[in-house]
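Now, the feature entries from Swiss-Prot:
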BINDING   39-42, 157-160, 180-183, Y198, 260-261, 348-349  NADP(+) binding site
BINDING   V124, A125, V126, A127, T128, C129, G130, Q131, A280, Y281, T282, V283, F284  substrate binding site
Amino acid sequence: MKAIKVNAGRTAAVQPARMPKLRDGYLLCKVHCVALNPADWKYLDFIGVQGVTLGADLSGVVEEIDPSCGAHFEKGDRIAAFVHGGNVSQPDDGAFAEYCLVKADLALKVPDAMSDEDAATLGVAVATCGQALYQGLELPLPGGAPYDGFLLVYGGSTSTGTLAIQYARLSGCKVIATASPHNWPLLKELGVEETFDYKDPDCAKKVRGIPICKAGYLTDGALIRAFTSDSLVLALDCIAEGDSAKICEDSISESKGGTICYLFQAKHSRADIVDKRVFAYTVFGEAFDKFGQSWPARAEDFARGKEFAALASQMLSDGQLRPHPVRLGKDGLEGVLDGLQQLRERKVSGAKLVYRVVETP
């Protein structure tokens, strides 16, 4: 089979690869489509351990099932999944391949009406939303007692952002979001209360409800506070770079404080704000090394991830979740390499790059 492997010098190429060997609790998936995430190129450029397979998001069909998986899946079932690409402990686990192992308890069942291309956008975003919204920010699960308050989603037009907006609204939140103005119509379709341009120097104060003086300039992030009348206590930062942490911090109520959940490492300066960091790879419940740190196995994260995957599969079947918009690339796995460069150059906004593996030359 073929896969995208990391070579010496932190480069990557499509090359022959061994078929993954089935492990306890895993399915063997024939990969139909893969989707790209910023973590893919960042891992390659900043760590890039030779010999590992890249990629985290996929859709495909079940080819083989480990007996320990139970009766949840059958051969031929369509699935979407988040897999641990760039994993030195299991170097063949990446999504950018013709075949890939998928942890059965975390796999999503794909409805008949959903395309493989749309399904490929779901895996990472579903797992991340589960950890960020329901473990980190402790929102009630959809169907429970609703949360009666605002949630800020910074980076609302990312794949995680659009799904977080939908989940949060189903949990009762009044969602506000930051995004580039050209992506505002998408967020409005998803039901956000208001959108804010993260490049606006007054962004956070407009959210919190601070009067905006037309003469002179206010601090960065100053717009969000106005809309919430200084009541915002929960924020999800899907970007965690540039000014995102500062804008989220400035948006949080000065009278109440609050909690910010970051998808990557970030810092704030306010003592009345609690940090929560999400690192979605812990959802597998397995120890690993990544980005210069050793991460122990987290049984609780796996248990919660299993519960959330089952809920997500049901919600997808019921038509409650809308996949992120797709930008379909060409040339299969070879095209993925070009897609990684597009992500490096910040050329993709409001859509997810997806590639059909069968189109690999």
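In case you wondered, yes, glycine gets a Cβ from its N, Cα and C as well.
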**OP:** Give the number of CB atoms, excluding that of S159 (NADP(+) binding site) itself, located within 10 Å of its CB.
**Re:** 28
Subject >> Max pairwise CA distance, angstrom, over record-listed substrate binders V124, A125, V126, A127, T128, C129, G130, Q131, A280, Y281, T282, V283, F284 >> reply: 15
Original post:
When neighbour density is defined as the number of other C-beta atoms within 10 angstroms of a residue's C-beta, which of the binding-site residues V126, A280, V348 has the lowest density?
Top reply: V348
Subject >> Minimum Cα separation from A280 (substrate binding site), reported as the residue among binding-site residues A39, K42, Y198, V348 that achieves it >> reply: A39
Subject >> For P181 (NADP(+) binding site), the number of other Cβ atoms found within 10 Å of its own Cβ >> reply: 11
Subject >> Separation of alpha carbons, T128 (substrate binding site) and Y198 (NADP(+) binding site) (Å) >> reply: 22
Original post:
What subset of the binding-site residues V124, G130, T282, F284 lies within 10 angstroms of S159 (NADP(+) binding site), using C-alpha positions?
Top reply: V124
**OP:** Go through T128, T282, the listed binding-site residues, and name the one with the sparsest Cβ surroundings, counting other Cβ atoms within 10 Å.
**Re:** T282
